[in-house]
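What TrEMBL records for this protein:
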- P57, T58, Y59, D88, R133, R138, D161, D162, D163, H279, T280, R281: UDP-alpha-D-glucuronate binding site (BINDING)
- D163: Mn(2+) binding site (BINDING)
- E196: site 'Interaction with galactose moiety of substrate glycoprotein' (SITE)
- E252: active site, proton donor/acceptor (ACT_SITE)
Amino acid sequence: MSEVRIRPRQVLVLIIVFLVVLMMVHRNGKRTCQGPEYLQAMFVQADTLPTIYAVTPTYPRPAQKAELTRLSHLFMLLPHLHWIIVEDTNTTTSLVRNLLERSGLEKRSTQLNIKTPPEFKLKGKDPNWIKPRGVEQRNLALAWLRGHVDVDRHSIVFFMDDDNSYSTELFAEMSKIERGRVGVWPVGLVGGLMVERPILNEDKTQVTGFNAAWRPERPFPIDMAAFAISMDLFIRNPQAMFSYEVQRGYQESEILRHLTTRDQLQPLANSCRDVLVWHTRTEKTKLNAEEALLKKGERSDGGMEV
């Protein structure tokens, strides 16, 4: 076997490369990252930003792992997020636990579970809007937050469905929410419109209305992805919960009516001109070939977690 010789000049080059990498990772003793300025700023200031508790109700289905994997990449990029995943199951599952471990998010996540009562479960080909979804799961997350969050530290709660699309910039905007306020912004591809958005006054500091086309008479005619809430509001208002006893499309109004009024909402996302979240509900997975395999006692995913 021939001997490999490393010349002094090669050693010097390797040392310089190593030092450059160290400087990029620990510039001025702080963490840094590549990417747009707002993302770099969040990474450097992670210890001083309010923690954002993102609440994600989820349930077993073929696309569940794919949806949660996509969301997990946001949490890897944003160090001040804490993920509360609430499963609609009798016990927490290994699928969700494995995903959190593989993503390195065990210390920045909480895995909970609670079953939706049978009378409120969707059946067969029921449209997804016919019954309220995520009520038990979101309320369990609120109970956990009220019992575990440090009330002296500013933090924010966001209800983050697993089938929407989110820009990392949205969480930079959320970090601007003040104590005692609810931040609002536009949502794309929802309510039969390209964008649902708050309408502001002339100086862009106050919400005066909304452009919703569907049920515009609602007290807060906005999507669940259109707002986030300062945690202190939930502490001061323990009655604030989601409910099965509301009309279709009124869950957002049900939670917000306990916490704020329209004129107290805090407009974000470039005075509600930037769309940073989209209501991209995933199409139901078609598994005709898999069903044919199951009838023969076979399956394509034997011994695998998909």
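Just so it is clear, glycine is given a Cβ too, placed from its N, Cα and C backbone atoms.
Here the features listed in TrEMBL are placed on the structure.
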| residue | record | CB count, 10 Å |
| --- | --- | --- |
| P57 | UDP-alpha-D-glucuronate binding site | 24 |
| Y59 | UDP-alpha-D-glucuronate binding site | 17 |
| R133 | UDP-alpha-D-glucuronate binding site | 19 |
| D161 | UDP-alpha-D-glucuronate binding site | 20 |
| D163 | UDP-alpha-D-glucuronate binding site | 16 |
| E196 | site 'Interaction with galactose moiety of substrate glycoprotein' | 24 |
| E252 | active site, proton donor/acceptor | 21 |
| T280 | UDP-alpha-D-glucuronate binding site | 13 |
**OP:** May I ask for the distance between P57 (UDP-alpha-D-glucuronate binding site) and E252 (active site, proton donor/acceptor), taken between their Cα atoms and rounded to an integer number of Å?
**Re:** 15
Subject >> Spatial separation of E196 (site 'Interaction with galactose moiety of substrate glycoprotein') from T280 (UDP-alpha-D-glucuronate binding site) - C-alpha basis, Å >> reply: 14
Subject >> Whole-number Å value for how far E252 (active site, proton donor/acceptor) lies from D161 (UDP-alpha-D-glucuronate binding site) (Cα to Cα) >> reply: 13
Subject >> Cα separation, D163 (UDP-alpha-D-glucuronate binding site) to E196 (site 'Interaction with galactose moiety of substrate glycoprotein') (Å, whole number) >> reply: 18
Original post:
How many Å separate the Cα atoms of R133 (UDP-alpha-D-glucuronate binding site) and E252 (active site, proton donor/acceptor)?
Top reply: 12
